[in-house]
Amino acid sequence: MMQFHFQFYVGPVFTLRPSKGFLSTCLVSFLFVTTTFCSYAIADLNSDRQALLAFAASVPHLRRLNWNSTNHICKSWVGVTCTSDGTSVHALRLPGIGLLGPIPPNTLGKLESLRILSLRSNLLSGNLPPDIHSLPSLDYIYLQHNNFSGEVPSFVSRQLNILDLSFNSFTGKIPATFQNLKQLTGLSLQNNKLSGPVPNLDTVSLRRLNLSNNHLNGSIPSALGGFPSSSFSGNTLLCGLPLQPCATSSPPPSLTPHISTPPLPPFPHKEGSKRKLHVSTIIPIAAGGAALLLLITVIILCCCIKKKDKREDSIVKVKTLTEKAKQEFGSGVQEPEKNKLVFFNGCSYNFDLEDLLRASAEVLGKGSYGTAYKAVLEESTTVVVKRLKEVAAGKREFEQQMEIISRVGNHPSVVPLRAYYYSKDEKLMVCDYYPAGNLSSLLHGNRGSEKTPLDWDSRVKITLSAAKGIAHLHAAGGPKFSHGNIKSSNVIMKQESDACISDFGLTPLMAVPIAPMRGAGYRAPEVMETRKHTHKSDVYSFGVLILEMLTGKSPVQSPSRDDMVDLPRWVQSVVREEWTSEVFDIELMRFQNIEEEMVQMLQIAMACVAQVPEVRPTMDDVVRMIEEIRVSDSETTRPSSDDNSKPKDSNVQV
């Protein structure tokens, strides 16, 4: 251990000055600690890389993995997710890729920071290596639909939240050590070969439990009696709530004392009437017996039907958002076409269509081309699923357009397309999910004194990001490729002041609208007439978007139901009459020294919404002009604090 010695000299001057040797020692120590930390971080990631490469080399797989030493493990390896600091692997998701055989030891068990392990729907077999169930940080384990065997291991991770080992060949008893998993909320062990009693899990925070279709026996612990009967069905030797009550070992003794009764006197009859009595009695008894048997059969059938209906009702009651999602954006999926979700190269997602249909769904919004859903899959993966409506294109044309959208979407300011699905009745698109919302919600949502307004700097940065994204689409897609649906709700916030565009390139797939709406909204005048979108019509729509950002008003204003005025016309009328600050968003009035920049941005917008398409600038020109505003801003020092002063009146030539 390194020790530091200080010497104090008592004298007329009480000053403590560290020696040069001490400072040098501190500096060396600091560099040593920093270097050691970085070395450990690099070593951890290299160790994880070698462990995964060893796993891929030892376990055959039908689907090709892009794992190699040249690709960056955290950025491009399929199914691999790293920690936020990029020092180790924290999630491995490889469902349904055809993994075959046992998991070798000293491979996945060396991923010491692993939190999520999903190898479901493969052909894996054998026992789970001890080093896997000894991983200390596992939160979610999905190993269902494989052929694992042996006893269910005792997982040591105290933070284990979900454990799914269903549809395997595990044998033996359910470990009593599961009581120690205080954070466990979901346990799925159905369709195995487990035997023995059900352990008491009263110390566990279970919300979902399924032990059905095993060989369990004994009484169900009272702490688990609140789960539905479907959680325990298929275990014939299991009893207790919610199943049938457990029978006692021997019948209880009768409380009624035994009283001997004398035999009944013989029924008097004549010898000659013996045959007549026999015939007259047999026929009614036979008829009555048949009627009784028929009645019993009917009662049994009614009970079975009622029990089946009751079971189906209970199943309906426990349906989650999963089934709701399947009905919403999976209602048109055809059974023969399941699992035909098409992923694009470079996509790190690894799930199939059935996983997507099982995901919980939340409606994000309904737009011109369909409804967008936030889908949360079971491995904590969140994506956006766009369910398209009124698609007129055939399968080949649809697939070709998806390829183009994926190719041109490779830009920081564009939301990338990750996968798609096509069938006769259902068309789906899968994109990344960004939790920060969109520009429309920032501008118009929850306006008032309690809302933090979107400041001017953020508005300019967001506008510039969107402009760069559209300019990239025009350059990468060629002269015939346009966005076609530019609006504030399609400007998605990646993080603060950083945005990207979505919902582009879908116009060629859609049926031609029957008639335009009364208000123009974001659409250029020529689009209202020809129904054709071009680069210039995108420029017009982007000009409307800038006006929306400047004014804080929606692009279609309705002073009254009978009088609808589009935003460009309203701004032009205000400017032509006499320029006032009323055209700008009132929430911008608190910021100082931004009048000149707002006027410059307004001039850009008015150039974009020119009636004649040829007069409008290109998107590259728009990007350049906005960047010039940013340059002038950096050269001018102005306070960023709030101020109640209003911008001065300015003159704008339109």
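Note: Cβ is positioned from N, Cα and C throughout, glycine not excepted.
Quick look at what Swiss-Prot lists:
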BINDING   Leu364, Gly365, Lys366, Gly367, Ser368, Tyr369, Gly370, Thr371, Ala372, Lys386  ATP binding site
MOD_RES   Ser360  phosphoserine
MOD_RES   Thr381  phosphothreonine
MOD_RES   Ser441  phosphoserine
MOD_RES   Thr530  phosphothreonine
REPEAT    137-158  repeat 'LRR 2'
REPEAT    159-182  repeat 'LRR 3'
REPEAT    183-204  repeat 'LRR 4'
REPEAT    205-228  repeat 'LRR 5'
TRANSMEM  282-302  transmembrane segment
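Everything Swiss-Prot records as a feature, shown here on the structure.
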residue: Ser360; record: phosphoserine; CB count, 10 Å: 17
residue: Leu364; record: ATP binding site; CB count, 10 Å: 18
residue: Lys366; record: ATP binding site; CB count, 10 Å: 11
residue: Ser368; record: ATP binding site; CB count, 10 Å: 18
residue: Gly370; record: ATP binding site; CB count, 10 Å: 22
residue: Ala372; record: ATP binding site; CB count, 10 Å: 24
residue: Thr381; record: phosphothreonine; CB count, 10 Å: 20
residue: Ser441; record: phosphoserine; CB count, 10 Å: 14
residue: Thr530; record: phosphothreonine; CB count, 10 Å: 11
Overall pLDDT for the repeat 'LRR 2' (137-158), taken as the rounded mean: 91
DSSP-derived class (H/G/I helix, E/B strand, else coil) of Ser441 (phosphoserine): helix
Max CA-CA distance, Å, over listed ATP-binding residues Leu364, Gly365, Lys366, Gly367, Ser368, Tyr369, Gly370, Thr371, Ala372, Lys386: 14
Nearest recorded site to Thr381 (phosphothreonine) by CA-CA distance, among binding-site residues Leu364, Lys366, Ser368: Leu364
Lys366 (ATP binding site) and Ser360 (phosphoserine), Cα-Cα, nearest whole angstrom: 18
Leu364 (ATP binding site) in three-state DSSP notation: strand
Rounded Cα-Cα span from Ser441 (phosphoserine) to Lys366 (ATP binding site), Å: 14
Beyond the flanks of the repeat 'LRR 4' (183-204) by 6 or more, those residues with Cβ under 8 Å of it: 144, 152, 158-176, 210-221, 223-224, 232, 234, 238
Distal contacts, the repeat 'LRR 3' (159-182) - CB-CB under 8 A, six or more residues away: 120, 137-153, 188-205, 210-211, 216, 378
Using Cα positions only, nearest of the binding-site residues to Ser441 (phosphoserine) (Leu364, Ser368, Ala372): Leu364
Minimum Cα separation from Thr530 (phosphothreonine), reported as the residue among binding-site residues Ser368, Gly370, Ala372 that achieves it: Ser368
Non-site residues, in chain order, whose CB comes within 8 A of the mean position of the CB atoms of Leu364, Gly365, Lys366, Gly367, Ser368, Tyr369, Gly370, Thr371, Ala372, Lys386 at ATP: Arg387, Asp503
DSSP state at Gly370 (ATP binding site), helix/strand/coil: strand
